[in-house]
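Asks: Swiss-Prot lists these features:
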type	residues	note
DISULFID	Cys77-Cys86	disulfide bond
DISULFID	Cys99-Cys114	disulfide bond
DISULFID	Cys113-Cys124	disulfide bond
DISULFID	Cys192-Cys201	disulfide bond
DISULFID	Cys224-Cys270	disulfide bond
DISULFID	Cys269-Cys277	disulfide bond
DISULFID	Cys289-Cys303	disulfide bond
DISULFID	Cys340-Cys385	disulfide bond
DISULFID	Cys384-Cys393	disulfide bond
DISULFID	Cys461-Cys470	disulfide bond
DISULFID	Cys483-Cys499	disulfide bond
DISULFID	Cys536-Cys581	disulfide bond
DOMAIN	22-210	domain 'Albumin 1'
DOMAIN	211-403	domain 'Albumin 2'
DOMAIN	404-598	domain 'Albumin 3'
CARBOHYD	Asn109	N-linked glycosylation site
CARBOHYD	Asn434	N-linked glycosylation site
REGION	215-319	region 'Binding pocket for hydrophobic ligands'
SIGNAL	1-21	signal peptide
Amino acid sequence: MKQLKLTGFVIFFFFLTESLTLPTQPQDVDDVRITQKFIDDNIGYITIIAFAQYIQEASFEEVEMLVKAMTEYRDKCLADRTLPECSKLANEVLLENICAMEGLPQKYNFSHCCHKVDFERRLCFFHNKKADIGLLPPLPTLDPEEKCQTYKNNRESFLNNYVYEVSRRNPFVFAPTLLTVAARFEEMTKTCCEEQEKANCFQTKAEPFIYYLKALSSYQKNACRALMKFGRQILQSINIAILSQKFPKIGFKQLTSLLEDVSSKYDGCCEGDVVQCIRGRSKVMSHICSKQDSISSKIKDCCEKKIPERGECIIYSNKDDRPNDLSLREAKFIESDNVCEKRDADQANFMAEFLYEYSRRHPELSTPELLRIAKVYKDLLKECCNMENPPECYRHAENRFNETTEKSLKIVQRECEHFQNLGKDDLKYHYLINLTKLAPQLSTEELTFLGKEMVMALTTCCTLSEEFACVDNLVDLVLGELCGINENRNINPAVDHCCKTNFAFRRSCFESLEADKTYVPPSTSQGLFTFHADLCQAHNEELQRKKDRFLVNLVKLKPELAGEELWSLLADFTNVVEKCCKAQEPEACFKEESPKLAAKSQAA
């Protein structure tokens, strides 16, 4: 149940999360001062996150050098804030120090960013981030006993190293989220190191916050992509839909005021300005709790808590009750004779208010669906307001809205039918084949990740009463992962079109896609059919990963094969592994059977 609530939170209210390591003073203390003290106290973590996210290839030793420089800068400024260098923005100082590290810009190929200034420099460092972390070595894993001993011997270095490894593998995750994960990691380490069954404890307790990290990572990347690719207006619309559903009694003027804080937060968070991101997050929470009477009846107890517990409390609070006087439909947008005049007076504000009114009346709809409805309404008014009798035209708006939702509902129902009819593994193979045919240019790691995410979305949502909103929200996040966040992300013309043309309708765009016609498969099998006895040593999970990779690489090699033929070859691969691992000489068996499977593939 907790996982389900977290899923709902990710979709509906992710920007309320606060770091569990934020200071513990009650809310009536000066928030700006508290937040600044937190930043000063945590300069080490903040520096590690920023550096490791900007320059993912940098070694831990290089990161430690920057931490030392930034700590000295902090101490100097705490002693005398009137010094000229202390008036600079923290992120500016950080980037200056990164650029000043001898030989580093040339070593990691970011010297071109150091030649830029201000916003252009920040943006350059942002675009230097790499979503594909295949370039990094595997995440180091320690034996539980060794992990506990390392923590006991040098807590600071142990935690710093953890923050470094997680940050460089999650370059687009907001700093407060990473700080939350780090705090939970330390709590888990303390608890599990006291247990007899340490390995089991670590495995059990790690799952929830790994899920938390993955879920928020997807949403944050999606939100930042919306901001950077489609502009502030789309991000504003997303936030209107989210807040109006969560807090249906909030007035439109109050919502507009809150949106100013929420939207400004994204500039720092999306650019990777760790300090501004933390400040922005704290400001949003303070705003909500200072106006709670006009925002929600569900958060009073939450706002009386200290900051570490406050964010979690609000996350898990229920959506506020719908106001008794809230009609089922807002007539002024459909039945009024002067809709066109109101729209023309201030189109942005008019459309924002429509989205607010529609969202607070429809808690059962997904965020993407609410954006689709808003787009349909906007296009309808564009058409109607040029007619002789506009009211007669837009009075049928609800029919258009219902048609739009019906189309989206059918897509979700079709996906949940796949979930009902196929087992978990077969469902994954279905999506691995489809995704690889659509975007064979993506790496094998990315495609296997996307396939697993699709399965998780359907497994999480398809048995719920709120199936539609849950599936539509989570699948939209998977498509956001596919589209990526960086400006230099180009996959193929058809996929790029869906990613870049219309944020609200990209789901239906992807539904209409077929296998990529521009893709040229490799001329050789590149070792795909070369198997060895090490397959017999693979544990179930590792063997499953190898099967997933085999299927994706098979589709890349033979994209023209139908799904049934691909499934048949995957079954043959499974049979070969089972047969040879039971043989007296597994290596000899693989040597004999591998060419047969390759020949069958060629003949298919």
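In case you wondered, yes, glycine gets a Cβ from its N, Cα and C as well.
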Asks: Using C-alpha atoms, which one of the disulfide-bonded residues Cys201, Cys269, Cys340 comes nearest to Cys581 (disulfide bond)?
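Replies: Result for Cys581 (disulfide bond): the nearest of the disulfide-bonded residues is Cys201.
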Asks: Counting across all protein chains shown, how many other Cβ atoms sit within 10 Å of the Cβ of Cys270 (disulfide bond)?
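Replies: Its Cβ shell of radius 10 Å holds 22 other Cβ atoms.
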Asks: When DSSP states are grouped into helix, strand and coil, how many residues of the region 'Binding pocket for hydrophobic ligands' (215-319) land in each?
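Replies: Each residue of the region 'Binding pocket for hydrophobic ligands' (215-319) counted once, the result is 86 helix, 0 strand, 19 coil.
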Asks: Only counting partners 6 or more residues apart, tell me which same-chain residues put their Cβ under 8 Å from the Cβ of Cys192 (disulfide bond).
Replies: Pro144, Cys148, Lys198, Cys201, Phe202, Lys205
Asks: Just name the most isolated of the disulfide-bonded residues Cys384, Cys581, going by other Cβ atoms within 10 Å of its Cβ.
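Replies: Comparing Cβ neighbour counts within 10 Å for the disulfide-bonded residues Cys384, Cys581 gives Cys581.
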Asks: Using Cβ-Cβ distances, find the residues under 8 Å from Cys86 (disulfide bond) that belong to the same chain and are at least 6 apart in sequence, listing them in sequence order.
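Replies: Result: Lys76, Cys77, Asp80.
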Asks: Which entry in the list of glycosylation sites, Asn109, Asn434, has its Cβ near the fewest other Cβ atoms, using 10 Å as the limit?
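Replies: Least crowded of the glycosylation sites Asn109, Asn434, by Cβ count within 10 Å, is Asn109.
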Asks: Out of Asn109, Cys113, Cys270, Cys277, the recorded positions in the record, which is closest to Cys340 (disulfide bond) when you go by Cα distance?
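Replies: Out of the listed candidates, the nearest Cα belongs to Cys270.
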Asks: Taking the disulfide-bonded residues one at a time (Cys303, Cys393, Cys499), which has its Cβ surrounded by the most other Cβ atoms within 10 Å?
Replies: Cys499
Asks: Within 10 Å of each Cβ, count the other Cβ atoms, then let me know which of the disulfide-bonded residues Cys113, Cys536 comes out lowest.
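Replies: Counting other Cβ atoms within 10 Å of each of the disulfide-bonded residues Cys113, Cys536 gives the minimum at Cys536.
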Asks: Where does Cys461 (disulfide bond) sit in DSSP terms: helix, strand, or coil?
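Replies: The residue in question, Cys461 (disulfide bond), is helix (DSSP, three-state).
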Asks: From the disulfide-bonded residues Cys113, Cys385, Cys483, Cys536, pick the residue whose C-alpha lies nearest to the C-alpha of Cys224 (disulfide bond).
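Replies: If we rank Cys113, Cys385, Cys483, Cys536 by Cα distance to Cys224 (disulfide bond), first place goes to Cys483.
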Asks: Between the Cα atoms of Cys277 (disulfide bond) and Cys270 (disulfide bond), what distance do you get, rounded to the nearest Å?
Replies: 8
Asks: Suppose we draw a 10 Å sphere around the Cβ of Cys99 (disulfide bond). How many other Cβ atoms does it contain, all chains included?
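Replies: A count of 17.
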Asks: Which number gives the other C-beta atoms within 10 angstroms of the C-beta of Cys269 (disulfide bond), all protein chains shown included?
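Replies: Cys269 (disulfide bond): 25 neighbouring Cβ atoms within 10 Å.
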